[in-house]
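One structure is given here, and the rest of the page talks about it.
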Amino acid sequence: MTSRKTHSPRGAAVALLDQVIGQGRLLSETSGVLRDMAGAQRAEALRLATDTLRGLDRADRLLSRAVRKKPPLHVRNALRLGTVELCLGGDAHGVVSDLVGYISKNNRYRHLKGLVNAVLRQMADGAGKPWNDLRIPRLPKWLRDPLTEAWGNGSVSAMEAAHFSGAPLDVTAKSDPSGVAKTLGGTLLPTGSIRLSSYGQVSALEGFENGDWWVQDAAAAIPVQALKPGPGTRVLDMCAAPGGKTLQFAAAGAEVTAIDASDRRMDRVRENLERTKLSAELVVGDVLEFEAEGYDIILLDAPCSSTGTIRRHPDLPYAKDGSEFGDLIALQTKMLDHAVSLLAPGGRLMYCTCSLLPDEGEVQIEELLQRRDELRTDPTIFDIPGIDPEWLTEEGGLRLRPDYWPDLGGMDGFYMACVTLRT
Ligand SMILES: C[S@@+](CC[C@H](N)C(=O)[O-])C[C@H]1O[C@@H](n2cnc3c(N)ncnc32)[C@H](O)[C@@H]1O
């Protein structure tokens, strides 16, 4: 019989790091670790793992000065976690004794508990002091190289600084953004999203249960804000889950058909619609097989590398290695061609991805326009408050980056373009 291990938050965070760094799983895909933990402890474990991933590059620099030979990954992850916590002002006694206790309970690694104790004590006693003077954590090479080629070293450094700062909580109001901003004590952004720089448990915030708003990064809300759908607009929301854009359309009074291949993710759309008391027709299926015409708006929020969301998901650079790029780009091209085949005269197609890679954004649209002479882009729809005209791209799309809006707290990386048939 196997006994199920229940972890302390620190132990769980180390186990999460093992899965992310050692097995290439995103935090949202890790299995087993958080299963039997209470809500607050799970949240704490996730926070610790996220903080560690965000500061990993700095922790490794400090650890390379303190440890001559790299210990096995599990022990290294415990040291990384302890180093980050101590450098961010964590209680030295609690951090050291908890992690030493955690390692000493592991038959395989208990012989290294002395090392963990010695190194973390050094960190607590001053070896961690240079933390703030260390360089801003860099993206791993597999991602830094293509981004540098696309945007230049200075811009990538600015993006890395934005990633290191993390992300505030952005929400979209069902109606009355100013009222919701006031209730939540948030800032109303120029595009209409509401931003909260400090918050506790999201579901405990006022108006959540009543469905007055939903969580959605300000950048992710822009495609629908730019389209300005009116009541009765017929919308096909391709790749809709978890439903942020479906909710925006529905809140504007549009008639939405939302399609997604994932049953599990579609449950999230269903829950979100129920909570906000909004409605949409939901279809679980492959968008490539979906055939119907007569939509005023088709929105294709295609699956992508998600490299624009690293501020909120610092696990991504460590869980992934870029090997999926080629397949994703090919799938986006297929989806884009299929979406175009459903576009009727007068209809508009909005293509978007939360990617920082031009191959998943600018290049997709550039090549689409070359393949299909009857199409054109309409950049004028991005003439909305908060959008700098400098962010418009040559092929007529809009590029958003995490280093934009630096004084407001940044935004996710996103690309979008609105395509219509030439008249
Ligand atoms: C970027 S997410 C969509 C986010 C969503 N539009 C929102 O605003 O909340 C991409 C989605 O594409 C879905 N997907 C991937 N391949 C698909 C396919 N062949 N057909 C339909 N949906 C697909 C995934 O399940 C995922 O939910």
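FYI, residue positions are counted from 1 along the chain as it appears here.
Yeah, the Cβs are placed from backbone N, Cα and C, and that goes for glycine too.
In sequence order, A219, A220, C304, S306, T307, G308, T309, D412, G413, F414 constitute the residues six or more apart from C354 (active site, nucleophile) in its chain with CB-CB distances below 8 Å. Annotation comment: TrEMBL describes C354 as active site, nucleophile.
Residues or ranges marked as S-adenosyl-L-methionine binding site in TrEMBL: C239, A240, A241, P242, G243, G244, K245, D260, D301. All protein chains included, A241 (S-adenosyl-L-methionine binding site) registers 24 other Cβ atoms within 10 Å of its own Cβ.
According to TrEMBL, the domain 'SAM-dependent MTase RsmB/NOP-type' annotation covers 131-422.
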Exercise for review: Run through the Cβ atoms and count how many others sit within 10 Å of the one on K245 (S-adenosyl-L-methionine binding site).
Suggested key: 25
Check your understanding: Other residues with Cβ within 8 Å of the Cβ centroid of C239, A240, A241, P242, G243, G244, K245, D260, D301 at the S-adenosyl-L-methionine site?
Key -> D237, T246, A258, R265, V269
**Study point:** Most distant Cα pair in Å, residues C239, A240, A241, P242, G243, G244, K245, D260, D301 binding S-adenosyl-L-methionine
**Key:** 13
